[in-house]
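Okay, so here's the structure we're looking at.
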Amino acid sequence: MVAVLVGAGVGVVRRLGAPLPVTAVRPALPVIEIAPGRLPALSWPHEGQAAVTAEGIGTLGVHGTGRPIPIGSVAKVMTALVILHDHPLTGSHSGPLLSVGHADEHAYTAAIGTGDSLLQVRAGERITERQALEALMLPSADNVADLLAAWDAHSAPAFVAKMNRTARQLGATRTHYADASGLSPRTTSTATDQVRIGERALTVPVLRSIVGERTARFPVAGLVENYNVLLGQDGVIGIKTGSTRAAGGNLLFAASKVILGRPVTLVGAVLGQSVGIAPLDALARALATSRTLVRQAFGALQLNRTAIAGTRAGWAVTPWGEPVELAVAADRTGLVVPEQATSVREHACVIVTPAAARAPCGSITLTQGDALSGHTTAEVGLVHSAVVGPSVFWRLTHLP
């Protein structure tokens, strides 16, 4: 009898002290959250096409047919990307010297009066790689585009092949380059493709710096100005103008501002404005349209609480029937495009009993943006309610 009682007592003690089963809790939030408000109508051009996106936040709109059209000297952004891929520049380094030959001087002289954008050069002149890129991007020198192509790939066709290969790698699948300068009407693209290329250009520090320069100085040509007269206005930081009679006025632009305490970079493109008129007049229209879009796009962004502290985020029931709730631990605010979707990904957690209230448990990942703007993610922590544990009776009847 004593042995039986002792054995029973040991069993009770063992059960009362046995570890409790853990409780797995998975958040249960909507997979997609839609930002409040309505996206205001932007002043899209009456012709051609355009697109504007806020990097990592979302696309504010795409306008036009999306059919590839001539883009003029906007093509030189890709020329610069290829050059800097093959001959990278870092920091304050200006890179190797490029020599101007008699053929380069002759090409410059022959092009005077044709309406091409040119940089005056002279046989025997030497310019650095950075200066050549400045000539390419500021005064949009067609002759320097050809000089760079020959320096890099030894032939125009070989260089153009690199441009097209890079475009495909960047997802600009509706873009085709026929030359390094953009003079050819067979060099075509779309507004969305150019936004992708512009976003890539801004990730190259040297190129980002160059496109923001208002002037540059050269050994023979002296001081030259950037055709992008929007620089410094409404946050505009670059990146490339383009205008021919076949392409009309074009601008691939970027603008950066701090909106409601948060840095924002817009990238947009306005293509095919006033095709057929004088190129500089057409460019003026593209510049004016772009400036309006920049102002409106910045104004359309709004601050939104993408996560609200205390919001119920999931629930579970322990094996002994005790309810457990998950809640968002803290507010998170961010800039959003109205009507934009934010995806929510859940990360489950396991609770070991007993557990105090507001102990961390799992998280959710919020992802905003889209294929054109790129994406940003934010991790938001969750907390759970207190878990007391089962009754003595439950322990005795359920634990081994």
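Cβ from N, Cα, C; glycine included.
According to TrEMBL, the domain 'Peptidase S11 D-alanyl-D-alanine carboxypeptidase A N-terminal' annotation covers 69-257. Summarising the annotation, TrEMBL assigns active site, acyl-ester intermediate to S73. Residues or ranges marked as active site, proton acceptor in TrEMBL: K76. Residues or ranges marked as active site in TrEMBL: S140. Annotation source TrEMBL lists substrate binding site at K240.
When the neighbouring Cβ atoms lying within 10 Å are counted for each of the active-site residues (S73, S140), the highest count belongs to S73. Reduced to three states, the DSSP call for S140 (active site) is coil. Taking all protein chains in view, 28 other C-beta atoms sit within 10 angstroms of the C-beta of K76 (active site, proton acceptor). The average pLDDT for the domain 'Peptidase S11 D-alanyl-D-alanine carboxypeptidase A N-terminal' (69-257) in the predicted structure is 97. In the three-state DSSP assignment, the secondary structure recorded for K240 (substrate binding site) is strand.
Of all Cβ atoms in the protein chains displayed, 33 besides its own lie within 10 Å of the Cβ of K240 (substrate binding site).
The distance from the Cα of S73 (active site, acyl-ester intermediate) to the Cα of the residue listed as 'active site' comes to 7 Å. Distance noted between the C-alpha atoms of the residue listed as 'active site' and the residue listed as 'active site, proton acceptor' is 8 Å. Put simply, the residue listed as 'substrate binding site' is 8 Å from K76 (active site, proton acceptor) when counted between their Cα atoms.
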